[in-house]
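Feature annotations, courtesy of TrEMBL:
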BINDING   H72, D103, E155  Co(2+) binding site
ACT_SITE  E130  active site, proton donor/acceptor
DOMAIN    164-265  domain 'Peptidase M20 dimerisation'
Amino acid sequence: MTSILLENTLKHLQALVAFNTGNPPRQIHESGIIDYLTEQLSDGQVEVMDYGDGSINVWAVKGQPKYLFNFHIDTVPVAQGWETDPFALIIKDDKAFGLGSCDIKGAAACFLACVEQGLNDYAVLFSSDEEYGNSLCVKSFLQQQHDYEGVVVAEPTQCKAVLAHRGVATAEILFTAKSGHSSEPRALTENAIHQATSWMSQAIEWATGQLQSSYYNLQGACLNLGKIEGGIKPNIIAPHVTLQMGIRPLPGDDPEHLLQEMVSSIDMSQPVTVTPKFMAPSFPATKTSEHSDEQQTDNVSLANKLGLELSEPVNFWTEAALFSAAGYAAIVYGPGNIDKAHTANEWVAISDLETVVMNYWRILGDD
């Protein structure tokens, strides 16, 4: 059985990798992957939900499943440095190379291999906008009531069940000043770039202080000042600067509250405009939730019930947080190492695929 499941996994992975599902440009429908998935899931009831702008769900149900499996089928765009065709699966040295092989088409291929082998009960949600950063697919799915004992969200976890990870808070910061000749004395204090420099310095100081906080193996709130644009030329006082930044709170911390805390700690002589962007809860629920401890217990119970080895909390964010916030017991589980995601020459270990497909088969067979 192992050899058949692995052989079919690689067959489906070859097909999935061949579809260009890079996000952006959010053109999932044009790739052909939706048709491929609906064909593979034709033994169940399949519903395709198109929310526009490349956000598409494929939800399939057969029998009376207890668990929902979730896979995102979009990938990041092709990175520079690929040594092979990113859309052609290459098997070499116990590794499967291809764009999305690790994140997370390898796991999707494992599930499809189990479906092909024959299952009495399954429920699966393929979503297409996880890499875009708005999670409209999962959020829309959760607006309806679904009766599942647990949710298995696929991400690269090295074949261990992740029960906790950081949240996300991103924001755009606008600094403004009055332009003028750089010889004016006010260029020192009324310069948008100088304002931004002061703001960023204080933000880094705040984040350094956060290192005193911890959650198991994770320390502090990860701060990333990711992109800055502004100014005109050396002899003009910079009239505007835009900064895009993000914070990754510890599990249990509220992202929006932490962003507000950081902004409030920064002392500025000139007004600054802070526009929150993507807010995503940590996993499991925040400390302010009355169900936080209960959800964590449910997540541990789910992993134990499924017979999966447990992982330490991880830094990266997943849509398991959305399922958790909606009240579902959830785990994150899949083949591959997150270090190989979003990279040139992305790969997943064949041994990981074998481990995961056999665990999927065991779990789904008991479903």
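Each Cβ is built from the backbone N, Cα and C atoms, and glycine gets one as well.
Close to the recorded Co(2+) site, the chain also has F71, I104, A107, E130, E131, A154, P156, T318, G334, A341: residues not among H72, D103, E155 whose Cβ is within 8 Å of the site's Cβ mean position. Take the CB of H72 (Co(2+) binding site) and look out to 10 A: across all protein chains shown you find 29 other CB atoms. Nearest in space to the residue listed as 'active site, proton donor/acceptor', taking C-alpha to C-alpha distance over the binding-site residues H72, D103, E155, is H72. In the three-state DSSP scheme, E130 (active site, proton donor/acceptor) falls into the coil class. Across the range of the domain 'Peptidase M20 dimerisation' (164-265), the DSSP-based residue counts are 35 helix, 34 strand, 33 coil. Look at E155 (Co(2+) binding site): DSSP puts it in coil. Counting every protein chain shown, the Cβ of E155 (Co(2+) binding site) has 27 other Cβ atoms within 10 Å. Around D103 (Co(2+) binding site), the same-chain residues six or more apart in sequence whose CB sits under 8 Å from its CB are T75, V76, E155, P156, G336, I338, K340, A341, H342, E346, listed in sequence order.
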